[in-house]
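Could you have a look at this structure, given as structure tokens, before my questions?
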Amino acid sequence: MNKQAIQSIVAEVVQQLSQTTKQSNTVPMAVSARHCHLSIEDVEALFGAGYELTKKSDLSQPGQFAANETVTIVGPKGSIEKVRVLGPARSITQVEVSKTDSIKLGAVPPLRESGDIKNSEAITLVGPKGSIYKKEGLIIARAHIHMTPDDAEAYGVKNGQCVRITSQGERPTTLERVLIRVSPKFKLEMHIDTDEANAGLISTGDTGILSLYEEAL
């Protein structure tokens with residue numbers, strides 16, 4: 001085998017390895033519109049005693065679903081109707097909106113990891129059978145990636161770590177400090193809100209490339 005043939009083979013192998021590495025760092029993306037999670041007590045307060053959420057469609061994360069039920073959320077300066085409830089019911093009530101939504105409401109919710117609502121913004125929810133005022137619970141959710149422990153090992157990351165994601169599309173956009181969330185119950189998927197999606201022309205089903213920071217954030 002001559003030198004030129006060897007160089008050609010080496011170049012091909014390097015290219016294949018590069019493509020494999022790139023593919024291994026690819027993460028599916030999904031756009032999450034405004035929605036709310038309700039406690040059992042608040043489900044009953046909004047929809048009636050003994051009421052249970054009914055499934056409209058399954059979500060990508062196992063066991064989670066979009067309910068048929070919707071509510072109106074009310075802030076100091078405005079309201080938004082038909083905000084989808086996600087099920088099943090949780091231990092606490094939480095409303096997730098985009099920055100654009102918050103401006104319409106006249107509210108100033110903090111950027112938080114889902115579930116971290118302590119000292120967050122107040123919000124009123126209105127349902128067909130009643131309304132409730134929550135002194136905290138309105139947040140803008142941080143961009144995050146759900147993954148299993150096996151996924152985390154493959155990507156070389158751990159729960160609570162932050163990474164960088166660059167979308168692949170007409171308007172490549174880099175999202176910084178994307179939170180890693182690891183659980184055996186999760187399915188690999190990155191979640192961003194509608195503001196982030198609109199800025200990068202990103203749609204559910206698009207992919208991004210994960211890269212690590214030199215130092216943990």
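Using the three backbone atoms N, Cα and C, a Cβ is placed for every residue, glycine included.
As listed in Swiss-Prot for this protein:
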- Val31, Ser32, Ala33, Lys77, Arg84, Asn198: CoA binding site (BINDING)
- His35, His37, Glu96: Zn(2+) 1 binding site (BINDING)
- Arg90: phosphate binding site (BINDING)
- His144, His146, His191: Zn(2+) 2 binding site (BINDING)
Do you know which of the binding-site residues Val31, Ala33 has the most other C-beta atoms within 10 angstroms of its C-beta?
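Sorting the candidates by Cβ neighbours within 10 Å, the top entry is Val31.
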Among the binding-site residues His37, Arg90, His144, His146, His191, report those whose Cα falls within 10 Å of that of Val31 (CoA binding site); none is a fine answer.
His191
In the structure shown, which of the binding-site residues His37, Lys77, Arg84, Arg90, His146 has the fewest Cβ neighbours within 10 Å?
Lys77
Long-range same-chain neighbours of Glu96 (Zn(2+) 1 binding site), Cβ under 8 Å, sequence gap at least 6?
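Sequence-distant Cβ neighbours: Ser32, Arg34, His35, Cys36, Ser114, Ile139, Ile140, Ala141, Asp193.
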For the recorded Zn(2+) 1 site formed by His35, His37, Glu96, name the remaining residues of the chain with Cβ within 8 Å of the site's Cβ center, in chain order.
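Result: Arg34, Cys36, Arg84, Leu86, Gln94, Val95, Ser114, Ala141.
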Taking only same-chain residues 6+ apart in sequence, whose CB is under 8 Å from that of His144 (Zn(2+) 2 binding site), what do you get?
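Looking at Cβ-Cβ distances below 8 Å from His144 (Zn(2+) 2 binding site), excluding near sequence neighbours, one finds Glu113, Ser114, Val178, Leu179, Ile180, Arg181, Met190, His191.
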Across all protein chains in the structure, which of the binding-site residues Ser32, Asn198 has the highest Cβ count within 10 Å?
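The most densely surrounded of these binding-site residues is Ser32.
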Please report how many Å separate the Cα atom of Arg84 (CoA binding site) from that of the residue listed as 'phosphate binding site', as a whole number.
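It is 15 Å, counting Cα to Cα.
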By a 10 A CB contact count over all chains shown, which of the binding-site residues listed here is most packed: His35, His191?
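Counting Cβ neighbours within 10 Å, the top one is His191.
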Measuring Cα to Cα, tell me the gap between Lys77 (CoA binding site) and His37 (Zn(2+) 1 binding site) in whole angstrom.
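Cα of Lys77 (CoA binding site) to Cα of His37 (Zn(2+) 1 binding site) measures 22 Å after rounding.
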